[in-house]
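Trainee: Okay, handing you the structure first.
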Amino acid sequence: MSDCIFCKIANGEIPSEFLYEDERVVAFRDLNPQAPVHVLVVPKDHHENFVDDVPAETLASMERAVAAVTRETGIAETGFRCIMNTGAAAGQTVMHLHMHVLGGAPLGEGLIPS
Ligand code: DGP
């Protein structure tokens, strides 16, 4: 999609440092980190969210990206949280599927922020 910021980042139109890249996804650090490690895993193809006809191969690449990034940043051992905000009420602000990967500090137990 021409006006989508994550399409531009994932396809190299906006130069970014990738922690992981394969033919279907990239991973890069969040602009506004909420934890010492805060990485976004983003498909190269545009899907609005997790339930927008995402091919199984893309989901598999996202899983590989999470495994690689958490290993590389040292949080595979200590633990991490994956979040996919879906829709405005859930706090999704960029309408291109992305998974937040957070770790590097205690994250608290709650699933739903107050
Ligand atoms: P969400 O609220 O789930 O849609 O999260 C969107 C995240 O994307 C938010 O944490 C900030 C991040 N973000 C937005 N624009 C950019 C950008 O241009 N570069 C990077 N690295 N992150 C961005």
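The backbone N, Cα and C atoms fix where each Cβ goes, and this holds for glycine too.
TrEMBL entries are annotated by machine, without manual review.
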Trainee: Under TrEMBL, which of the candidate ranges 21-25, 96-100, 106-110 is annotated motif 'Histidine triad motif'?
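Mentor: Per TrEMBL, the stretch marked motif 'Histidine triad motif' is 96-100.
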Trainee: Mean pLDDT across the motif 'Histidine triad motif' (96-100), rounded to an integer, is what?
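Mentor: Mean model confidence (pLDDT) across the motif 'Histidine triad motif' (96-100) is 98.
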Trainee: For the motif 'Histidine triad motif' (96-100), what are the same-chain contacts with Cβ under 8 Å, counting residues 6+ beyond its ends?
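Mentor: Residues 1, 4-7, 30, 34, 38-43, 46-50, 52, 54, 62, 66, 81-85 contact the motif 'Histidine triad motif' (96-100) from elsewhere in the chain.
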Trainee: Report, as a single number, how many Cβ atoms besides its own are within 10 Å of the Cβ of H98 (active site, tele-AMP-histidine intermediate).
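Mentor: Total other Cβ atoms inside 10 Å, all chains included: 27.
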